[in-house]
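Asker: Quick one: the structure is below, and I'll ask about it shortly.
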Amino acid sequence: MRRSLAPSQRGPLRPESRHSFTPPLLKKNKRSCQQELEREQELDRRRLGALRDASNTSELPLPIRFTANSEYELAIAKVLARKFKVPMDNYVPDYGGKRVLGVRRCISRRPLHDPMACNALVLFHPPAYTEHERMGMDPTKVLVHVVVDPLLSNILRPHQREGVRFMYECVEGKRGNFNGCIMADEMGLGKTLQCVTLVWTLLRQGPECKPTINKAIVVSPSSLVKNWEKEFTKWLHGRLLCLPMEGGTKENTIRALEQFSMTSARLGTPVLLISYETFRIYAEILCKYEVGMVICDEGHRLKNSDNLTYQALMGLKTKRRVLLSGTPIQNDLTEYYSLVNFVNPEMLGTAAVFKRNFESAILRGQNTDSTEQERQRAIEKTQELIGLVDQCIIRRTNQILTKYLPVKFEMVICAKLTAIQLELYTNFLKSDQVRRSLADCNEKASLTALADITTLKKICSHPDLIYEKLTAREKGFENSQNVLPSNYKPKDLNPELSGKFMLLDFMLAAIRAEGNDKVVLISNYTQTLDLFEQLARKRKYGFVRLDGTMSIKKRSKVVDRFNDPESDSFLFMLSSKAGGCGLNLIGANRLFMFDPDWNPANDEQAMARVWRDGQKKPCYIYRLVASGSIEEKILQRQTHKKSLSSTIIDNNESAEKHFTRDDLKDLFTFDANILSDTHDKLKCKRCVQNIQMKPPPEDTDCTSHLSQWYHCSNNRGLPDNILAQAWMDCKCVSFVFHHRSQAQEIVPSAEEEATDQPEEKPESRKRSSTPASDDSADEDFRGF
């Protein structure tokens, strides 16, 4: 048929045919309708005949005019009345397939996902109405269930489902008159996945049958921006597009942020991923307009309410604030107050009111020399504070992971100083330099004292780290030039000059010889990483190194290469300041923490690199400290801080309180003949002359206080044959604390449950790529 004969080319339709089909019986009586139908059928027969004749001649027929009563229109109406069928194999619709083509959906509200489906996670339940009440209600105002997308609810673990529900109730004001919360889960519990679930749910639905928010902002360290984008893509399979702010010119960044901020309608990229530094620079743009919700990853960066980043984020026009931090208390309660005040302003009052009502009383009761009245008041104030913050904080420990992960053995190893280290250490303590530092020391330790502390820590690691000070005859080393042996070579590492390095060398050799385990070596100093490199080259071990000088893109490749079972990398050398947070190093199952940090959170983050989802082997964590030295004093300071965190965050009233502030001030004392200064200060009742006579309580594990661990003054009873053999061979170990996690339960991991997801290599979460200076490890030191 020629195209000019097509109905669309034959002129306009009759006016009545432009509307939807209306049965003629509604307008005319039966007889007139029958007559009109017969006339239309006769006209249709004539038109069809004209079309057949026109196909053989050049003559054009009269214009074809379809009416609402034609058989053609009746057929179309029947097609449109059919049930809508999704063209997918084995597709089962949520509501019985009641949708039809061409018909406007029913105006009655219903949830986006079926609340009665198997494994459904319902975040909001509407009020239960009787049928009589429903008859008198406006169907367009009925509240509906808020149900998490089955794509996510089917892979969430029980504690993650609880976390999503808690955060939803907080941001929606269901748990008091506040809209913020702190997700304080420890590392490895899936805080990112829980936040992805929350954001996706709020962007898609709400009780009013419409999205709760139209956009959200995720603020994180710069090295985590790309990882957040990959996490959204991984869990949502590309259903949500994000706007990552990394790189790019200033003009392009301003244009993108202005477009994101000004648009109030639904965006194509409703989630902005931005670093703390970039947010601070462009805060003026982002704070002009309202935003649905803000999420702050690694939220302990906001511990100081006076810094510019904190103040910029406080200016953001949003009531829904979520802060992620596995360590909300790192140093003191003032920092904790800053975090709570960020998510829920005025919950705890002003800073002065908080200090007067809570902080002073709690800290006085924490000291061992406190009176009974002070301890009782501290308990009362602690319970009062817990009652307030419980409305907005959720905290789960790594204990949950025991059912998903292999067993973990954690050991604190006290290594003896060598004769050379001992002479350098004692000479420095007796020097005029240290005496002047102690004389000037006040509530906030002077910069000179901090430098002296760093020097002592380096002596504990290896004399090579202070070689330049020795040759330059700096203050404190005027009488130590002849301590090093005559054959000493600064660029040729000699492990025998350090007790910790000698132990490390023995253990690495045994691990390499006895199996295919891989090892992570962590230090707070890049100079120590240089010594690790020298040792690896000397023993011909394959290794990779990650510190602050490595670009973010290269980090991901390095991690993937190390985790590959086929790679020849035996060691992963890591700077805790540059990459101790978020890296997934499950290719290794042994980790050495070579030197302690003042902040226990930094050490905890670094030591969580191997015992994570995907780990298949038993894990061994070794923490090395020099016996009786300042490193043990730092370990004791960590115990004090963890006791405070345990009391406030974990609601553990029986947290041990063994160290007074006077004990913690005693940094520059040293006893060369002691097995473990920490064990002596514990005043352990289970040991007699440093020999354990009674095992720890059965309900304890490696998360318990050191006083509840196993205590070993010899190599008998150690859980690790490698350490037991090294203790006997190198004779440089004086004491060991050790414990293990609870037994593993056979439970599928999240990756195994998500069978419908494409395989993807684990993505690492990285910290800022700013190079870490050697002295940065003491930035969290506080005066006692």
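Note: Cβ is positioned from N, Cα and C throughout, glycine not excepted.
Note that the structure is predicted; figures quoted are calculated from it, not measured.
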Asker: According to Swiss-Prot, motif 'DEGH box' applies to one of these ranges: 297-300, 317-320, 537-540, 761-764. Which one is it?
Answerer: 297-300
Asker: Among Thr22, Thr327, find the residue to which Swiss-Prot assigns the annotation phosphothreonine.
Answerer: Thr22
Asker: So which of Ser20, Ser32, Ser773 shows up as phosphoserine in Swiss-Prot?
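Answerer: The residue tagged phosphoserine by Swiss-Prot is Ser20.
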Asker: Based on DSSP, tally up the residues of the motif 'DEGH box' (297-300) by helix, strand and coil.
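Answerer: Breakdown, helix to coil: 2 helix, 0 strand, 2 coil.
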Asker: Same chain, outside the motif 'DEGH box' (297-300) by at least 6, Cβ under 8 Å from its Cβ: which residues?
Answerer: 182, 192, 218-221, 224, 228, 323-325, 327-328, 330, 335, 339, 342, 581, 601, 767
Asker: Report the residues of the chain - excluding Asp185, Glu186, Met187, Gly188, Leu189, Gly190, Lys191, Thr192 - with C-beta within 8 Å of the mean position of the site's C-beta atoms, for the recorded ATP site, in sequence order.
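Answerer: Once Asp185, Glu186, Met187, Gly188, Leu189, Gly190, Lys191, Thr192 are set aside, the remaining close residues are Gly326.
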Asker: Looking at Cβ-Cβ distances, which residues of the chain lie under 8 angstroms from Asp185 (ATP binding site) while being 6 or more apart from it?
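Answerer: For Asp185 (ATP binding site), the qualifying residues are His159, Gly163, Lys191, Gly326, Ile394, Arg395, Arg396.
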Asker: For Glu186 (ATP binding site), what is the tally of other C-beta atoms lying within 10 angstroms of its C-beta?
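Answerer: Glu186 (ATP binding site): 21 neighbouring Cβ atoms within 10 Å.
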Asker: If you draw a 10 Å sphere on the Cβ of Gly188 (ATP binding site), how many other Cβ atoms land inside?
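Answerer: Step by step: centre on the Cβ of Gly188 (ATP binding site), count other Cβ atoms within 10 Å, giving 19.
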